[in-house]
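Undergrad: One structure coming up, written as structure tokens, with questions to follow.
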Amino acid sequence: MTGGLRTRRLLRVHLVSGLGATATVAAVVAVLAGLAVFAPLAVGSMLDASTRYLVSSLSGPVRDLSTSIATIPVPGAGAAPTGSLPEEYHDTWGTWDSGLRDILTQAPTSVRAVHGDADYYVRLGEPARYASATNVDFDPRFASRITVTEGRLPQATVTEQEWNVALDARMDENFRPVDGAEPLPASEIVLSAASADEVDWKIGETRISGDESGWVLPVPLTLVGTFEAVDASDPHWAREVGVLEPSIAFDPDGVPYVRTAAFAAPETFGDFALLNAGAITEAWYPLEPEKVTAAAAPQLLADLRGFLATPHRAPGFGGAGVPMSFQAGVVPTLEATIAQNRALVSALAMLVAGPIGVALAVLVLACRLMHEHRRSSLDLLAARGAAPGQLRGVLGLEGLIAGLVPAAAGAALGLALAVATLPGPAPASALLLVPAILALVPAAVGVATATLSRGRERADAPARRSRRRPVVEAGVVALAVLATALLVLRGTDATATVDPLAVAAPLLLALVACVLTLRLYPVALRSVLARERSRDGFLGVLGAARALRDPATGVAPVLALIVGVSFAVASAVVLSMVQTGAVHAARATAGADIQLSASRFDAEAVATAEAVDGVAAVARVDLLRSAQLKVEERLSRVSLYLVDRERLDEVQGDFPRIVPADVSLGDGSGVPRLLFSEEVADRIDAAELPVHIVKADAAFAGAVREAVPFTSSSSSWVLADVAYAEQISDDAPIPVRLLVRVAPGADPAAVAAELQETFGAGVRVATSADALDAVYADPAFAGLRGALVAGVLVCAVLSAVAVVVTLVLGTRPRRRILALLQTLGAPPRAARGLVAWELAPAGIAALIVGGILGMLMPVLLASVVDLRPFTRGIDPPSYAVDPLVLLSTLGGFAVVTLLVTGAALAITRRARVAAVLRTVEET
């Protein structure tokens, strides 16, 4: 009875004493649990933000689900029109509106979830190729989008019956105009204030729109009002072009012509149906980028493809459905963003695999520290009669205390932080799996090591002889080779989730590096020991001998240092590769310091640009659209660009050349020599077969894969010297781009702003910095950079914790040696020397091996992960090391590690000799 009470009392004393080690374990568990919850949510939020960024970067006409049919909607009341359709138009537009609503209702769930109700308008007018004209638009919702600045909204001037009578009097039975017929009743319209000013159309004035706009009969149009948009940035106006601003274009001779679009009373659209063969109905379902998520993107892409491939029918005249074919320009963007998300997940998985392993190793090491701090009390408990099961129960209970509560608290904190700072859906319960496992690790380690409580040797010392060690090491090496080979041959899984192989291979390679370090550094240490023996002093000999015979560093600290250094180096190299690749792609896309693009520049554009302060030289790029390219009997249409080669090279300077230096475009004599985009050259075998362009035979000059300033418009292009323009085609090429070289010392941004002011809003002015900013603005790029920086800091902390725990675990034998040395008269600095010899041999070896591994890891990463989405380049980024980035990451890693380790060194100097001697006597 008394023995039982003593045992229980000892158990209580055991649990309440030495709480420092338990607190260390609890802190490690809490931090890791918080990271395990927060990190996946942060990555998911980053993927969502990147997906939405890429989708929203598209204009509405490109990203929306749209269709265009060459007819007008069938008038009539519908069963279920959308709520946005004004009630006064339910009887005329209801059938069409309900039909479009039904099509979306029958679409797959993922498509419905991200698209809004249908929007549409009808446009009448088929202008001649190079003539001024006014189109007439019908839109039942137009009144809600405009503000009348003068006059009023249009109204129907005659009833449907009166209109039909007027038509019958002016058309024969074949619906052809009757000679000498009077004009139709005038119809009311409104124009934007800008359009009315451009064509000088006054309110109350009636003008006749005739065959120049495709009307069968002359149609009188009376302007009754002008308007401005309620919101000019509304995506609707990007589709209904020509309404807010007049469209000004030029014929081949440079003569301008103006096209405008007016609104008529929406209920009268059926009256005009038979008068214009150029009726076009545009309809679309607006895509809402904020509803697109990275997780749903693959399913959305698959469902969109299915929807686009499925024939659809809208209500038509006589009960027959109108066939509709939809398009969605968001499909290629979804493909690109899914590929980018997969690349980001794979890259992060490969890079953080090592730190994950180190985190677990540090946790186990901290648990070992807790066990070491309990060794004396466990020995006493065993001596007092505690059974092995009781000892395991004690350590298991303490492990649960150090694991369960901190894991729950850390997970809750990580979850709260994610909810407070990250947008997105509610976290999934699966995120709690890792914290649950972490909560049980201290208890499992305590139970597993309880039987070692009577031992006096360090359990983690690598020098302990073990028959299993060579077998385990050989197994690690074999698994690493197998995993790496499989990863290189297979690549990462084409999913947006973590690929286990992408995680396993880098972690196994880090373990192999650890094995090599622990095997090889003693070889170098023996030569150091031999050299120290020939020198004066004992500290070097003692430190080297002790490092060989009883090394303080085990697998965990060496692994932590190797992975920490390798992660810092690999992060620096990956960031250097991505940033260098992005800069190169941006410069190739820009083509020069500044690029100006427009639908057409006038003949004085070059002189105008050269007159701007800071402009050193200007090269013009001309275009022949849809040039006919013939190879044997195969015909295709390409964009033919024409440049002055000499001028172009002067302007481009050190920018990536549009025309490679080893390619000759000719001097204007002989046949034209064509430079092909690689896509066109491969498609038509241009390098092997005779080529004919428009009306001239041509020769193959070369093909390029590199991005050029006009690849954003089309990848189907060829380029020739402008000296051959007349030989190639009778049509004059259109100047569409100006490439500008900035004078030395001038600010490209300031010059670009001056050029924008000079040429006006109709010209787009961009610099290479603008293209680079677009890449950097992508949340995926910023997320990759942030994740790597955060990973370096986490690795630094883990490495420092591993070193600290290793020093604390080595306190007992170090105290015994210091006690003996100080009784023999050794100076106090001997303590610092011993600590340095404990860490330096394996630490230096780990730094070297970790650096080598870090330099090689990006090679493996680039071989299995496509990094092009992060650079927007055509080719993968090449291996690059930016010294500034490398020094920054390594410096940050070193500073954090040294700060934490320095605190540990201060702790180790607090032991007094008397306490040490008592420890020696007790043991």
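Even glycines carry a Cβ here, placed using N, Cα and C.
Okay, these came from TrEMBL:
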type	residues	note
DOMAIN	792-909	domain 'ABC3 transporter permease C-terminal'
TRANSMEM	21-43	transmembrane segment
TRANSMEM	343-367	transmembrane segment
TRANSMEM	400-422	transmembrane segment
TRANSMEM	428-450	transmembrane segment
TRANSMEM	471-489	transmembrane segment
TRANSMEM	501-521	transmembrane segment
TRANSMEM	555-578	transmembrane segment
TRANSMEM	787-809	transmembrane segment
TRANSMEM	839-864	transmembrane segment
TRANSMEM	884-908	transmembrane segment
Undergrad: With Cβ-Cβ distances below 8 Å as the criterion, list the same-chain residues six or more beyond the ends of the transmembrane segment (471-489) that contact it, or say none.
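TA: Distant contacts of the transmembrane segment (471-489): 501-502, 504-505, 508-509, 511-512, 515, 519, 860, 863-864.
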Undergrad: Mean pLDDT for the domain 'ABC3 transporter permease C-terminal' (792-909), rounded to an integer?
TA: 77
Undergrad: Hey, which of 21-43, 501-521, 787-809 has the most Cβ-Cβ pairs under 8 Å against the transmembrane segment (400-422)?
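TA: Most contacts with the transmembrane segment (400-422): 21-43.
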Undergrad: Top stretch among 21-43, 501-521, 787-809, 839-864 for CB pairs under 8 A with the transmembrane segment (555-578)?
TA: 839-864
Undergrad: In terms of Cβ proximity under 8 Å, which residues at least six beyond the ends of the transmembrane segment (501-521) contact it?
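TA: Sequence-distant neighbours of the transmembrane segment (501-521): 346, 349-351, 353-354, 356-357, 462, 473, 476-477, 479-480, 483-484, 486-487, 490, 492-493, 555, 558-559, 562-563, 566, 841-842, 844-846, 849-850, 852-853, 857, 860, 864.
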Undergrad: Sort out the residues at least 6 away from either end of the transmembrane segment (21-43), same chain, that have Cβ-Cβ distances under 8 Å to it, and list them.
TA: 344-345, 348, 359, 362-363, 366-367, 369-370, 372-374, 398-399, 401-403, 405-411, 413-415, 417-418, 422, 424, 427, 431-432, 434-435, 438-439, 441-442, 783, 787, 794, 801, 805
